[in-house]
Structure formats: C-alpha cells, structure tokens
Amino acid sequence: MKDNNIDHIIELSNELRWQIGDEFHDNLTESIYADAAEIVKDSVKTQDGEKRFRLDAKIDKIVTSKTWGFPIMFLILGTVLWLTIVGANYPSSLLASLLLDTVHPILRSGADSVQMPWWLSGFLIDGVYLAVAWVIAVMLPPMAIFFPMFTLLEDFGYLPRVAFNLDSLFNKSGAHGKQALTMSMGFGCNAAGVVATRIIDSPRERLIAIITNNFSLCNGRWPTQILIATIFIGAVVPKSLSSFASLLAVIGIAVLGMAFMFGVSWALSKTVLRGEVSTFNLELPPYRPPRFWKTIYTSLIDRTAIVLWRAIVFAAPAGAVIWLISNIHVGGDETIAAWLINGMDGFGFLLGLNGVILLAYIVAIPANEIVIPTILMLTVMVTGIGGGAGAGVMFELDSINATGDILKAGGWTLLTAINLMLFSLLHNPCSTTIYTIYKETNSVKWTTVASVMPVILGFVVTFLVAQIWRLIF
Amino acid sequence: METYSPIFALVIFFIAVALLYVLFRPVKGWFWIIKKAFHTNEKVIIEDVLKQLYHFETSKNKVDMKTLVQVLDFKHADIVEAIKKMTINDLIYSESDVLKLTEEGRDYALRIVRVHRLWERYLADKTGIHKKEWHDRAESMEHRLSHDEAEELAAHLGHPKFDPHGDPIPTKTGKMASVHGVELPLLPIGSVGKITHIEDEPEVIYKQILAEHIYMGSMLKVIENNATRIVFESEGEVFKLAPIVAANLTVALIEKEVVLEDNVARLSSLKINETAKILGISRENRGESRRRLLDLGFVKGSSVSIDLLNPLGNPNAYLIKGTSIALRKDQASKILIKKD
Amino acid sequence: METNVKSACETCGLYNKAGLKKLGIHTDNFDFVVALAGNPNTGKSTVFNALTGLKQHTGNWPGKTVTRAEGGFEYNTQKYKLVDLPGTYSLLSTSEDEETARDFILFGKPDVTVIVADANRLERNLNLVLQILEITDKAVLCLNLMDEAERNKVDIDIRTLSRDLGIPVVPTSARFNRGIPELIQTISEIASGKIVCKPHRIKNVPKNIEKAVKTLTENIEKEFPNIPNSRWIAFRLLEGDKQIINALRTGEFI
C-alpha cells in the first residue's frame with residue numbers, strides 16, 4: 001500500500017517535471033539568489049559597494065600582470081626550491097653522520113657483542129636499518145623545509161594565482177589550471193602532489209594530473225641530479241664555469257620534466273582520456289595572512305610526517321632486498337646481484353646505461369633516495385675495486401671526487417651520466433607514490449598506466465639519446 | 001655485441017614504432033578496423049535499417065532498397081539478408097518497392113533513437129567529450145545499451161526531454177515532445193526567433209556551424225536573407241551563413257512583441273572597467289558546468305565586471321557577488337550579459 | 001556597533017566557561033551531533049578547530065577538506081560531536097563534496113547544523129544557507145570573518161538578518177576566538193530545544209514551479225506527515241535526483 005503511494009509520488013514528479021521543462025534548476029537557483037539579495041539589502045550596509053578590497057586588488061594587479069606575473073612566479077618557486085636544496089644540506093649531513101657514521105657502527109658492535117649471527121645482523125643492520133636511515137637523512141630535511149614553505153604560500157592565497165597565470169598552457173594540453181599546483185607540489189614529493197590533486201574537481205582532469213605528477217622532479221631525485229651533474233657535466237667545462245654548468249643541467253632536467261608533463265597531458269587528452277575540461281572554474285580567494293607557527297606545525301604533522309612514515313615503511317624491505325641479493329649466491333660464487341647485473345648489462349648498454357644502474361632502479365623502487373648509495377655499493381662489488389663497506393652495505397662518500405672515481409672505474413662516461421639524469425627523471429614513481437595513486441584513483445588500471453608509462457618513456461628517450469650520441473661522437 | 005651499431009638499433013626501433021602506429025593509431029589503426037569488422041553483426045544492421053526507415057518516415061520521404069543501400073555503410077548482400085529477416089519478423093513490409101515500418105518496427109526504431117539521443121545527452125551533460133564526437137559515439141552506443149541500462153541512464157540524467165541538438169528524446173512509451181520552429185532560410189528579414197534545433201548531419205555542415213560558435217537556445221534576428229547568404233544577429237555578434245548551412249538550424253519564431261534586447265552580448269566581449277548585468281547562461285552550457293556556474297552566482301540580474309586580465313590572455317577573472325572567479329573564454333562566451 | 005563581536009558574555013552567568021571542555025577527537029558517547037557546513041574559504045575549519053581544540057590543516061584554497069573530519073567538545077556536562085563537512089557553494093549539484101555534505105545533513109539528522117558564512121560575501125554565502133534551511137530547521141548561522149568585515153566597512157544588522165532567516169545569527173572571528181563562546185551557547189540552546197527556529201523558506205519561485213512543488217509537497221506530506229523538509233524533497237524529485245528517489249522508497253530520511 002505504502003509502496004504504491006510512493007510510486008505514485010514518483011510518477012507524479014516525473015509528470016510534473018515534464019510539464020515545467022528543462023529550466024527548473026536555473027529557475028530554482030535564480031529564486032534562491034533573489035531571496036539572498038533581498039535579505040542582504042535588508043541587513044547589510046557596505047561603504048564601497050561590491051568593489052573588491054583595495055589591498056587584495058593591488059597585490060593581484062602585480063602578481064598577475066603581464067610584466068611581473070611570471071618573473072615573480074619563477075622567483076618564488078625558485079627561492080623555495082633553492083632554500084630547500086641548500087638549506088637541507090647541513091641538517092642532512094648532520095643526520096647522515098649521526099645515523100650512518102655513529103649509530104650504525106654502534107649497532108654493529110652491539111650485534112657483535114651479543115654474538116648475533118652475521119647474516120642476521122647483516123640483514124637487519126646493513127640492510128633494513130641502513131635503508132631507513134638513508135631515507136630519513138636524505139628526505140626529512142628537504143621535506144621539513146619545502147612543505148611548510150609551500151603551505152605558507154597556500155595559506156596566504158598565492159597558489160590560486162599561479163593556477164590562474166598558467167591556465168592557458170594547461171588548457172592547450174587539455175588539462176586543468178590547478179594542475180600547476182599539484183605539479184609544484186610534486187617538486188617536493190610526488191606522493192603529496194598526487195594527494196593534492198583532490199583540488200581538481202572534474203575526474204578526467206584529475207586523472208591527468210595524477211598520471212603526470214611523476215614528471216615533477218621530487219626531493220628524492222634532486223640530490224642525484226645535482227651529484228651526477230657536478231661530477232660529470234661540471235667536468236667538461238672550464239673550472240670557473242663548472243658549478244654554473246651543472247646547475248644549468250639540473251634546471252634543464254627539471255624544465256624537461258615540465259615539458260614532458262605538458263606533452264603527456266596533451267597526448268592523454270587526445271587519446272585514452274579524450275575530452276575537454278568540463279567544469280572549469282577557479283576561485284581567487286582573498287589573501288589572508290597565514291599564521292606562521294601554526295601553519296608550520298600543521299604542515300609538519302599533516303604532510304611531512306605522513307609522507308616520511310610511508311617512505312620508511314617502503315624503504316625498510318628494500319634495504320633487506322638489497323642486502324639479500326648481494327649476499328645470496330646462485331650457482332658458483334656469483335651473487336644474485338652480480339647475476340642480475342650481468343643479465344641486464346646488454347639492455348643497459350642499449351640505453352646508454354649499465355646493469356648496475358638498472359638493478360639499482362629496480363631495488364630502489366621504494367625510495368629514490370637510495371639510488372646513489374646502491375649504485376656505489378653495486379659498482380664496488382662488481383668492479384672489485386677498493387672502498388666500500390662490504391657486500392650489501394650501502395654507502396656514500398664524503399668527497400665528490402672519490403664518488404666520481406668509483407663511477408668512472410665502473411665504466412661511466414658523460415653519456416652514462418646524462419642518461420642517468422634523464423632516467424632519474426623518466427622512470428616509474430616510487431612505491432609510496434604508486435600506493436598513493438592507487439588509494440586516490442582506486443583503479444588498478446590507472447595505477448598501472450601511471451607506473452609503467454614513465455618507464456617506457458625513459459627507455460625510449462635514453463635509447464634515442466644513446467644511439468644519436470654514439471653516431472655523433 | 002658484435003652486431004651492434006647505433007644505426008642498426010635505430011632502424012629496428014623505428015620499424016617497431018611504425019608497426020605500432022599502423023596497428024594502433026586512433027580510428028584507422030588496423031587493430032581497430034579488424035575489431036570493428038568483428039563487431040558488425042546482424043543486429044547492428046537491422047537496427048540501422050530501422051532507424052533510417054524511421055528518419056525517412058518522419059521527413060515524409062519514401063525509401064526503396066536502392067536508396068537504403070546508398071545511405072548505409074554495409075555490404076549490399078548483408079543488407080538484403082537483413083531486410084529479408086526483418087520482413088519475416090514483421091518489423092517492416094514493402095508496398096510496391098517502398099519499404100515501410102510496421103507498428104512493431106517503429107517501436108523498435110524509437111527505442112534505438114531514444115538510446116542514441118540519451119547517450120548524446122549523457123556525453124553533453126556528464127563528460128567533456130567534444131560536440132563533434134557525440135554523434136559517432138552515440139551511433140555505436142545505441143546498439144550496445146540494453147533496455148534496462150537505457151532506463152537507468154534516463155533516470156540518472158533526470159529523464160531529459162531533448163538531446164543536446166534540440167531533438168526530442170522519445171519516452172519509454174514512445175511519447176515525444178515536439179520541436180517548434182522552421183528552418184532558418186524560411187524566416188523573413190526582421191523576424192526574431194530562438195534556435196531550437198541544430199542538425200548534426202551531415203558532418204561537414206555541422207562542423208561549420210560549430211566553427212561559427214552558434215549556440216542552441218540563442219535568440220537571433222534576421223538581417224539579410226537571399227539566395228546566396230543569410231545574415232543574422234545574435235548575442236551581440238553578426239553571423240553570415242550559406243543557405244545550405246542555415247537550413248540545418250531550426251528557429252522558433254517569437255510571436256509576441258518581444259523586442260530583442262539591445263546591447264545583448266557575450267561575457268567574453270566584456271572589457272576591463274565595464275560593468276554588466278547577467279541575462280542568463282546559454283543553453284549550450286550544460287550539465288555540471290552549468291550548475292556550477294549558477295551556484296557561483298552567474299544568475300540573471302547579477303552584476304559582473306572584469307577583475308583581472310590574464311597575462312596569457314585566457315582565462316580572465318570576473319568579479320561576481322564579491323568574489324573573483326576565473327572562467328575560460330569558451331565558458332564566458334556562453335554567458336549572456338547586458339552592458340550597463 | 002552591531003559588528004562588535006567582543007562581548008561581556010564570558011563573564012555573565014549564562015555562559016559557563018568552566019563548563020566547556022574541548023574533547024579533540026575523543027568523541028565517544030556523545031549526546032548531540034553538530035554538523036558544520038559552509039562555503040569554501042569562510043574559515044570553516046578555523047571554527048572547527050576553535051570549537052574542538054584540534055589543529056586540522058586546510059589551506060586558503062577552495063575545496064580542501066575532502067573527507068569529513070570529526071571532533072568534539074563538552075559543554076555543561078553534555079557531549080557534542082562535531083562533524084566538519086566539505087566546503088561547498090551549494091547542495092544542488094552532484095559533485096562528491098556536495099553529496100557528502102547533503103547526505104549528512106539529510107540522513108545524518110544532526111541535532112544542530114552550524115552554517116559558517118563569510119560576512120564580507122554574505123549574498124553569495126546565503127545561497128547555501130537558504131538551501132540548508134530547506135532541509136533542516138535546527139540551524140545557526142555563524143557569521144565568520146567579522147574582523148575583516150569591520151576592516152572593509154561592511155556593516156551587518158545581526159538582528160534583522162536573524163529575523164529574516166528565522167535562525168540565530170552569531171558573529172564570530174574564529175581566528176581570534178571571538179564569538180566562539182556565544183556560538184557554543186547558541187548551539188546548546190538549539191540542541192536542547194530552548195531556541196526554536198522558524199527558518200526562511202525560498203520565496204521567489206516562479207508560479208508554474210511553485211504550483212508543481214505544492215502538489216508534490218502535499219502528496220509527500222500525506223505519506224510522511226511531520227517531516228520538516230517535504231518541500232525540499234519535492235525540489236529534488238522535480239530535479240530527478242535518483243538518490244532521493246531511492247531514499248523515498250526505503251524511507252531512509254524519516
């Protein structure tokens with residue numbers, strides 16, 4: 001009986017909807033706003049009408065002007081990145097000397113004194129502990145600097161203006177202007193950048209932003225770029241220009257990443273994610289002075305800590321794997337690592353890389369921070385040259401020259417260096433990011449696309465560079 | 001690595017890329033062609049025949065086997081085979097070579113038309129797929145959606161009356177709203193009307209209309225009408241069309257003495273330091289996007305001005321009800337204003 | 001001056017400061033549920049943090065709170081659970097945020113709904129306020145950012161506004177904790193039924209729609225007497241809202 005009545009109501013509503021036509025929603029919204037206008041007229045008195053408030057308008061005029069808009073934007077982003085990279089140096093080396101040079105030996109001798117079997121202490125201390133320590137030392141300081149600064153800009157209200165300025169570029173690649181923000185966030189951490197795509201409210205554009213976020217060079221990869229550029233690129237120019245040249249090379253890689261981001265966004269929106277931005281609107285909120293300490297506190301708690309924790313969770317097993325493959329032997333006295341490196345050397349050569357680099361990128365999927373230490377350890381292992389701390393023990397050297405010597409002994413050339421820089425930009429996202437992509441999209445398909453597509457691009461690009469390089473030189 | 005040479009590697013690479021391109025390039029890739037050929041089955045042919053017959057019937061044209069074969073993009077033999085089956089199943093009958101729909105056949109045809117138009121409406125309201133692709137996508141979807149799925153879709157869209165081109169969507173029971181109006185070239189100079197339908201076939205002409213940025217639901221006033229061209233004014237802009245293109249626009253004459261409001265313009269034409277009142281949002285802006293604009297305060301009577309010009313030219317930020325909101329040019333062109 | 005939000009309330013007997021305890025996220029065994037709704041960028045999260053003592057971060061960026069945050073406070077020995085809904089401009093569209101907010105106010109049946117509005121942009125904010133008032137009649141308008149409004153010389157007659165809307169209006173500056181005590185007091189009075197609201201209902205509806213709405217409303221009320229939002233349900237049915245149709249079938253919102 002009751003169901004009948006309800007069906008009747010629904011039938012009736014269908015009938016009435018047919019009668020009043022398609023403009024119902026428009027009419028309703030207009031009615032509501034008409035009411036709102038009446039109420040406001042009744043109770044609100046303003047002095048200067050609906051004009052926007054003076055200071056806001058003034059700031060906006062400058063930060064979106066033809067002359068100053070872009071310089072200011074680059075200056076701010078550049079400053080944030082510069083402060084992050086330079087400012088992180090000191091605390092990073094402090095953490096490294098504490099965790100790697102002080103705590104690690106203590107743990108080792110502690111393990112020896114309780115007569116822990118070598119394989120257990122190696123697995124736990126040289127494998128798991130070292131990887132975690134490395135991730136913390138490399139990752140924590142830049143994130144603790146980058147995220148609060150970014151959050152301050154966000155709270156102040158500047159970021160929507162960046163989206164506003166850049167939107168037409170994104171428009172041309174079929175994406176949403178707010179992707180400018182998630183992209184910048186990605187310079188800090190891709191996982192955080194992926195989470196930040198929530199601000200894009202249409203699903204297609206959000207997916208594009210998620211898939212292409214990996215093209216922002218993240219904090220874990222900046223140090224690799226800088227180190228390799230300093231050793232190899234800086235060396236080919238006169239000494240007085242070397243730091244300038246290596247800086248230029250790193251910036252070039254970051255800009256190339258943005259170019260790939262636009263290109264891939266464009267390609268996606270022409271093929272599998274066909275379409276145009278369906279609902280674009282961008283509110284430019286009023287500026288609000290951020291509350292400095294509170295912002296710093298919350299951004300440390302909300303962003304840095306969460307991302308760091310996830311990275312640690314993923315890095316620990318990676319450390320274990322690295323130690324295991326360097327210490328377990330297959331067949332004769334070849335370790336799994338050496339066996340894998342031999343197997344991949346041919347393919348690595350085609351890409352202008354080598355087996356060591358490829359293996360390092362496979363085991364370092366969990367965290368880009370441990371790529372360089374892993375490469376060094378593996379290079380020492382396969383070349384048999386002196387140095388290093390033993391099989392499966394990641395290490396880094398204090399002097400850049402010493403690092404360069406080891407790499408050169410491993411057969412590295414300028415081509416290897418350039419291609420490593422390219423491959424560091426164009427490879428699968430780290431597992432923290434992959435996991436985050438899965439959580440945000442809830443789709444295995446898109447997570448796979450986002451993970452595999454950059455590696456394929458990396459293979460293609462390094463392959464082409466290698467062949468052309470060899471043709472020319 | 002004795003056989004290795006960079007040139008050799010590059011050649012292999014480019015051959016592989018070329019192969020992939022030939023196989024998988026959009027639409028014309030072999031993979032897609034083969035896939036499509038595999039999917040063309042009898043059901044598709046029958047449904048397309050029914051639909052064509054229905055369209056001929058509504059335009060009061062007679063159709064025989066020959067015309068049908070010309071219009072449809074299938075093999076001759078397949079069509080003949082399908083027609084035979086349809087006759088046996090009482091979907092069609094022929095009267096001295098002219099093919100006609102039975103009552104049952106018409107019902108079936110209407111269901112297909114319903115799904116087609118619903119799907120176009122879905123694409124328009126819920127996705128960002130470009131207009132020029134709606135038709136083709138709906139063409140393939142109409143054969144795939146089951147009856148229940150179509151009902152689900154209709155409910156999801158809120159049982160719409162018209163598709164995005166202005167064609168009525170038949171209801172479950174075959175009821176259909178009627179389109180008011182006549183073809184644009186039939187209107188005398190000086191008449192005022194509203195675009196109620198834009199025909200999306202043939203594609204060449206439809207693309208021309210799209211390129212002109214002529215929108216559904218726009219008011220227009222005919223300025224010139226002769227054998228070579230038709231000129232009309234709409235939303236502050238002047239459009240010139242060849243009669244054959246104009247014939248694809250259906251316009252409902254406004255009978256009452258509604259004077260076409262002066263100074264009507266599109267928001268995209270607003271200059272800095274000008275203010276205007278919003279008259280409404282063009283019918284062309286649909287679905288989510290339309291609702292969002294309404295919610296943001298782009299409703300009739302709101303005053304609007306440019307808040308910020310973009311350094312790259314697009315989008316500009318508009319000041320509406322005290323807040324600055326950036327809209328892209330194509331969106332702003334679908335908001336009608338009256339300058340103060 | 002009406003906009004002066006500093007008040008003597010903290011010292012008066014009505015407001016019992018000792019009775020207030022911020023509970024953070026510990027919200028077991030609450031007595032009342034309070035929903036917090038509002039446009040993006042109105043300082044809604046600041047209000048949330050001020051009420052609960054939590055430090056939830058949300059940027060100056062529309063549409064930041066995507067998931068619902070929950071917190072609590074205790075006032076005069078009664079425990080309140082506070083649910084922070086996503087900031088939305090409206091409840092009429094179908095975006096994820098709006099559905100979350102709408103569903104909670106409709107199906108979650110909060111004891112009080114606090115609507116946070118930006119005092120500088122009241123007209124725009126009223127769009128959401130008026131929609132919420134169609135759904136629930138236990139609401140309070142928290143007129144936030146009064147400090148900015150003062151600076152911008154926006155003068156709001158609180159009493160008139162409250163009369164027009166039919167619900168209590170509390171001016172606040174959540175950043176500086178101003179007006180929060182009054183807000184808590186008002187919430188508790190609405191929750192306990194001391195204040196009864198007669199919310200504004202949308203008036204300027206075109207005749208043909210009003211007629212259709214009336215027909216539907218009568219039918220709905222025949223079926224479900226005593227529901228406060230029959231008119232709003234009628235609006236949604238005319239819009240063809242599938243979720244509401246389903247809810248009507250299952251009787252979920254009663």
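Backbone N, Cα and C atoms are what each Cβ position is placed from, and that goes for glycine too.
Any TrEMBL annotation is an automated prediction that lacks curation.
The feature transmembrane segment is assigned by TrEMBL to A:68-90, A:220-237, A:244-268, A:307-325, A:337-364, A:370-394, A:406-426, A:446-469. As annotated by TrEMBL, domain 'Nucleoside transporter/FeoB GTPase Gate' applies to A:138-228, A:308-442. Among the features that TrEMBL reports, domain 'Ferrous iron transport protein B C-terminal' is placed at A:250-298.
With a cut-off of 8 Å on Cβ pairs spaced 6 or more residues apart, the transmembrane segment (A:446-469) and the transmembrane segment (A:337-364) reach 3 or more such pairs and are scored as touching.
In this chain, the transmembrane segment (A:220-237) lies in contact with the transmembrane segment (A:406-426); the count of Cβ pairs under 8 Å, excluding pairs fewer than 6 apart in sequence, is at least 3. Sequence-distant contacts of the transmembrane segment (A:220-237), counting only residues of its own chain at least 6 positions beyond either end whose CB sits under 8 Å from a CB of the stretch, comprise 81, 85, 138-139, 142, 189, 243, 245-247, 249-250, 253, 367-369, 371-372, 400, 403-404, 407, 412, 414, 416-418, 420-421, 424-425, 430.
Long-range neighbours of the transmembrane segment (A:68-90) within the same chain, counting only residues 6 or more positions beyond its ends whose Cβ lies under 8 Å from a Cβ of the stretch, are 62, 141-142, 145-146, 149-150, 153, 158, 162, 165-166, 184, 187-188, 219, 222, 226. Note on the transmembrane segment (A:244-268): residues 169-170, 172-175, 179, 183, 187, 208, 211-212, 215-217, 222, 225-226, 229-230, 233-234, 236-237, 421-422, 424-426, 453, 457 of its chain, located 6 or more positions outside it, place their CB under 8 angstroms from a CB of the stretch. Taken as a whole, the domain 'Nucleoside transporter/FeoB GTPase Gate' (A:308-442) shows an average pLDDT of 85 in this prediction.
Secondary structure counts, DSSP: the domain 'Ferrous iron transport protein B C-terminal' (A:250-298) has 28 helix, 3 strand, 18 coil. Counting residues of the domain 'Nucleoside transporter/FeoB GTPase Gate' (A:138-228) by DSSP class, helix then strand then coil, yields 73 helix, 0 strand, 18 coil.
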